[in-house]
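Peer 1: From Swiss-Prot, for reference:
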type	residues	note
DOMAIN	3-240	domain 'ABC transporter 1'
BINDING	35, 36, 37, 38, 39, 40, 41, 42	ATP binding site
DOMAIN	250-494	domain 'ABC transporter 2'
């Protein structure tokens, strides 16, 4: 065994997070680590890599017991981590991000070899399918491209044990395929991987073994070839989940929102589509197709160069999010940490921000109304929290996403836009979010959902609009939906539009 963790215990402020957990890695394997948000996966890996110190238990790396007090010590032993949360320095260039702390210099002079770093950065990212200049400012790139920089950074350390924590959350299917090909090539060279993900399809495609944690405890380890989706879900949640997606019984009504010939130069062009009350319109496409840019423009985050937005049969002038909200539009961003939540604020304060008119009397916030709103929405969305004062950053990914959705449900939207609504969310919380979306649609809310997960798009959508390089290629009816058909149009096939 290249890694042996035995009897690991860890508590924070007296609250046990890991209780007698054991975990092993065989050299050259890709080992999945699964569990619901809050199960202890990331904490266990942070102990392995020296970010946290264990309270008790043993950790052996390559047969030697270790007591890392700093991540640099783990890195020196050949461990690298691709974190779920981006660690990009937005003001630095792509190359500077890849080489931060490891800059190439001219001997004793200390002068940085910028051209060499730019070239190496471009070569490494090209291996992952990303064509970008090393001199490009990292903050200008999309979340998905920033994720590829994080992955390249870890791969450049020449580590022989790599921990990947939700590495594909912001990637398209094509980028995932390229990443997996790279991982398999490294595996052939003896590199060992821990793969943390909530995406069952990826785990069953890539990994050889899987370990499941639940509530900070070790549940078991299975050989992938000898287990099933249902068995792993039951290990994770302690019960069978039943059908993955809600039964599709939606009956769309009148057109709620329509966009006509909407254009934003360099991002999307001449897009026309509509969404009806009581339907879920999926928007699919590869990275760079313009999906997020389109919905952000509808919501007023971005300014359209031309085109029109119509709501309830009337042309709407939306020049900012405040005007979109006034028109009854809610927006769940793909990046909940920077655009969806103020993570240092409490749950109560995050929910209150979009609902001030509902909880205020004569410009004064009513604590009673504020608490009542929290209790109503927390109950409706099954939020697991100690109370309204708990900081958003201390919640699991699934509960953070529920808070983002909750703050928009408070405004009782007519139209709800969700951009990657289940990114970084565990299988149990995903099902709860799917149920919430379906119930909202049944109540007459018009829902637009952008998602990179094709099973999610197919499982939830009434219709699917497919984009390619900023153009709307086709709108598929529910009975036309399949992964093959969506990918056909997402890669540029049959350049025509039908609504």
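Using N, Cα and C of the backbone, Cβ positions are placed for all residues, glycine too.
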Peer 1: Specify the count of other C-beta atoms within 10 Å of the C-beta of residue 40 (ATP binding site).
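Peer 2: I count 24 other Cβ atoms within 10 Å of it.
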Peer 1: Based on Cβ atoms within 10 Å, give me the single least packed residue among the binding-site residues 35, 38.
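Peer 2: Among the binding-site residues 35, 38, the sparsest Cβ neighbourhood within 10 Å belongs to 38.
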Peer 1: So, three-state DSSP: helix, strand or coil for residue 42 (ATP binding site)?
Peer 2: helix
Peer 1: Most Cβ neighbours within 10 Å: which of the binding-site residues 37, 42 is it?
Peer 2: 42
Peer 1: Quick one: which residues besides 35, 36, 37, 38, 39, 40, 41, 42 have a Cβ within 8 Å of the ATP site's Cβ centroid, in sequence order?
Peer 2: 43, 213, 396, 426
Peer 1: Please work out the number of neighbouring Cβ atoms within 10 Å of the Cβ of residue 41 (ATP binding site), leaving out its own Cβ.
Peer 2: 27
Peer 1: Cβ distance under 8 Å to residue 39 (ATP binding site), same chain, sequence separation 6 or more: which residues?
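Peer 2: Once residues fewer than 6 apart are set aside, residue 39 (ATP binding site) is near 213, 214, 215, 216, 236, 426.
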